[in-house]
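As annotated by Swiss-Prot, topological domain 'Cytoplasmic' applies to 1-26, 99-107, 157-172, 230-336, 387-399, 453-464, with the evidence given as a curator's inference. Look at Swiss-Prot and you will find 48-77, 129-135, 194-208, 358-365, 421-431, 486-496 tagged as topological domain 'Extracellular'. Summarising the annotation, Swiss-Prot assigns transmembrane segment to 27-47, 78-98, 108-128, 136-156, 173-193, 209-229, 337-357, 366-386, 400-420, 432-452, 465-485 and lists sequence analysis as the type of evidence.
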Amino acid sequence: MSSHTSTPNHASAAPPRKWYDMTSAEFYVYVVAFMCGISMLMPINAVFSAPSYMLQYYLYATKDPNHVPQMTNFWSNVMTYYNLIGLVTGLVMEPLTLLKSFRKIPMLVRLLGGLCILIVEIIVLMAVPARGTTEGGAVATMCIAGFIGGLGKSIFESTVYGMFGAFPPSFTSIMMGGVGISGVLTSLIQIIVKAALPDTYEGVKKQSYIYYSLDVGIQAATFIALIMMRFNSFAQLHFGDLGGVKSKVDAGSLAGAGENVREPGAEATELEQYTEPAIGQIQEKNAEAHKDDPLVDREHSDDVDEHGDALRAVEGPTSNEILRATSIISVLRSIKWMFVSCAFVFVVTLFLFPGIATGMFPESKWFATVAVFIFNCCDVLGRVAPALRFMWPRSYNQRWIIVAASFARVIFVPLLLLYSYHYIPSEAYGYVIMVIFGFSSGYVASMSLTLGPQSKGIDNDGKRFVAGTLMGISILVGGTIGTVLSIMTQTIREKY
């Protein structure tokens with residue numbers, strides 16, 4: 001490759017594309033990315049949106065509204081334990097998805113399998129109370145459901161992050177927006193349902209059925225949308241057909257990444273490197289990159305031009321072969337700072353939220369509900385902020401700003417701990433701090449997840465997929481550490 005390709009040429013870079021230039025196939029992939037984001041956290045959001053049902057699950061499992069619990073510590077912290085079981089399961093399982101044996105499984109199978117497991121999680125939570133069991137059985141059910149949820153989430157999440165890591169960065173931003181919308185949607189429904197139904201034994205049961213039915217419906221819609229995406233031309237251009245057939249992009253190509261073609265490791269110094277050309281421009285760029293390559297099948301290319309099928313111009317290895325040939329360690333070295341940034345965001349967020357951040361007014365019927373809703377709304381605003389160009393670092397070398405912002409969020413620890421001890425007794429303070437806390441969490445996490453697969457040295461689809469998967473693991477690492485710290489802190493507070 002000639003030396004001029006390693007230096008960004010902004011004059012020749014494709015201009016930003018207008019929304020009306022988007023093809024229907026590309027729009028459909030955006031919709032699927034959004035739906036995948038919603039589905040990713042919908043089960044845990046549905047569970048957390050019915051806290052009364054979870055905190056008193058033993059009443060419904062035993063079918064006894066007057067049952068006196070024997071395992072009081074477990075039920076007092078059931079939400080935290082449930083979340084921790086899922087996180088630990090994911091922390092163990094998600095790295096296993098990077099094994100070569102697992103990477104042989106077609107992506108579509110992984111996606112649909114993960115969704116099915118997440119649906120089973122909700123079915124278990126609803127089926128056991130329908131048949132009835134003991135309090136011990138209720139505890140076992142919660143642990144099993146948490147494990148099932150963690151297993152399904154690890155498979156689905158790692159594949160989604162990896163898959164959309166191979167697409168232009170705006171798809172990751174849209175997917176992250178869906179993750180945030182999932183929380184907003186469940187919080188909004190929680191407020192409506194809480195106002196409409198009484199907090200009685202039967203009222204709480206109806207509330208839980210509403211949340212869980214919504215979850216299953218969304219998962220089913222995503223299931224169908226993913227099956228249809230297998231036949232989507234835009235998806236095929238970026239990562240085969242999700243089923244393990246020949247990829248339409250060769251293993252070393254940068255086509256579809258929304259970047260200028262450059263040598264591996266060449267530094268992308270300006271924001272314009274992330275602009276996304278139209279499909280035709282991608283194909284022209286790919287052809288230009290290979291025009292001097294003697295290995296390219298000229299006769300095949302001429303035949304493709306004759307039939308007008310640009311998607312078959314370069315037929316590379318299968319998407320699974322690309323994945324198996326990718327070095328995990330080298331990818332981790334390339335994304336290490338974005339990995340650390342993303343992990344630390346979730347250390348702080350899950351250390352403080354929801355337990356410490358919303359538990360200071362237990363006698364208030366609405367404080368926790370409204371605080372969670374505000375957090376979720378601001379979180380989704382932060383997650384979609386990277387869709388705005390001015391919210392990105394101005395150059396590649398300014399990525400340190402995202403890492404610094406991640407570590408700067410540690411300031412929320414003393415602010416919210418002091419608030420939880422009522423040194424600042426105002427509920428209004430809690431609402432205001434949730435605005436900043438939620439937006440910063442969503443923005444820094446989304447930017448880290450978006451920039452990770454766009455790092456130096458991540459120069460083909462296989463590396464982008466692995467980078468996206470590793471960024472998903474960073475969420476689990478940070479979330480697990482934060483949740484453990486939260487449990488330890490709240491246990492100490494109960495004793496002292």
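Heads up, the Cβ atoms here are built off N, Cα and C, so glycines get one too.
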Three-state composition of the topological domain 'Extracellular' (486-496), taking helix and strand from DSSP: 10 helix, 0 strand, 1 coil
Counts of helix, strand and coil residues, the topological domain 'Cytoplasmic' (453-464), according to DSSP: 6 helix, 0 strand, 6 coil
Feature contact check the transmembrane segment (366-386) with the transmembrane segment (465-485), CB under 8 Å, 3 or more pairs: no
CB contact flag for the transmembrane segment (78-98) and the transmembrane segment (136-156), at least three pairs under 8 A: yes
Model confidence over the topological domain 'Extracellular' (486-496), averaged pLDDT: 80
Seg_contact(the transmembrane segment (209-229), the transmembrane segment (337-357)) with at least 3 CB pairs under 8 angstroms, min sep 6: no
Stretch among 27-47, 136-156, 173-193, 337-357, 432-452 sharing the most Cβ pairs under 8 Å with the transmembrane segment (366-386): 432-452
Positions whose Cβ lies under 8 angstroms from the topological domain 'Cytoplasmic' (157-172), at least six residues beyond its ends: 29-30, 33, 36-37, 40, 90, 94, 97-98, 107, 110-111, 114, 238-239, 242, 256-258, 274, 276, 386-387, 446, 449-454, 461, 464-469, 471-473, 475
Recorded stretch that, among 27-47, 108-128, 432-452, has the most CB pairs under 8 Å to the transmembrane segment (173-193): 27-47
